[in-house]
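S.K.: I'd like to ask you about the structure that follows.
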Amino acid sequence: MSKKNNLLVAASGTGGHIFPALAVTKEVEDKWNIHWLGVHKRLDANFIPKKYNLRTLNIKTPRKNIFLFYQYFRILMSTFQVIWILKEEKINLVFTTGGYISAPTIIASKLLRIPVIIHESNLIPGMVTKNFGFLCNYVLLGFKRTNSYLKNCKTIFTGTPLREQFYKSNLLPDWVPQGKGPLLIVMGGSQGAKAINQILYESLDFLMKKQFRIVHIIGECNQKYFNLNTSNNYVQKKFTNEIAALIQNCDLVISRSGAGTINELIESEKPSILIPYPNSKNNHQEKNAMILAESGGSILINQNNISKEVFEETLERIFKIKSKKGKNHYEILDLMKKNMENNKKIKSKIEIKKFINYFLKEF
């Protein structure tokens, strides 16, 4: 192994934490030895390259129940585990993207006086960023407005880094349904969304009659495949690595509103129907969705208000055909596309790379 400095990346759980960290890591791996810290039995092992030396902790997010004290005790024990890892691997810098693995990592790093950078991708900062952000050397923000929630932190707006595929044009995979009908990408994030899946199943007859083409990503949350006798216009998958190609080439995305998804839609200039996860902490998914809804590039439907009728009426409105100068077009969809083009893009991973490499001068 070359005599590079050692960077510990602490990111685990959902794609919203893992994918931004992966995007940054690939930008800086030429100057740093990468060590990755994740959580046992999560998505980490499926996505983290073996060369990044994945280590895992057996830790769970605290819940409001009788086992709360026990769970915080496990976080404390995890802090000692992280201290041991930091010493063993001779870590020079820690980069984390939030989530419950971040708390013991930040505490351990500060006890050893190792600099820490945390990236907060949501508009409303998560619990770890709120409570431990002041211990970090930098808190990097996915949205400028997040700064107002973190008055005691050293914040810098960088945007949220995306997977490399989103920064280049991709061809539509050949397994996607072919035809002239509008292409819908329906997904619920890396873990899936039962509510979105259910409303889609209830509306499939309507969608097939309207000749929509559908790619349905059901997610990894142990949901069973539905045995559906549908036309060739419907494809169902648990997960795909070609999500950038799907979003870039579809007509409309129907999804949750995690920060990663919001930024992928902005980069791809793609209109959407967003159905925020109602139990997200601080209602951050709804706040994320409002960014695109306020810009006119998305329609926000709260899960408590969604129904087969509302879903179908919304699609009919978006895809209502208007005639202009003898040509047919989708007036509302075209307006949503134009509004998405006006959202500012930022090459976030390049900005974050600057801050990580800044610490090279300190060693």
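Each Cβ is built from the backbone N, Cα and C atoms, and glycine gets one as well.
Since this is a predicted model, take the numbers as computed values, not measurements.
Okay, these came from Swiss-Prot:
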type	residues	note
BINDING	T14, G15, G16, N122, R163, S190, Q285	UDP-N-acetyl-alpha-D-glucosamine binding site
S.K.: Fewest other C-beta atoms within 10 angstroms of its own C-beta: which of the binding-site residues T14, N122, Q285 fits that?
M.R.: T14
S.K.: Hey, of the binding-site residues listed (G15, G16, R163), which one tops the CB count within 10 A?
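M.R.: When each Cβ's neighbours within 10 Å are tallied, G16 tops the list.
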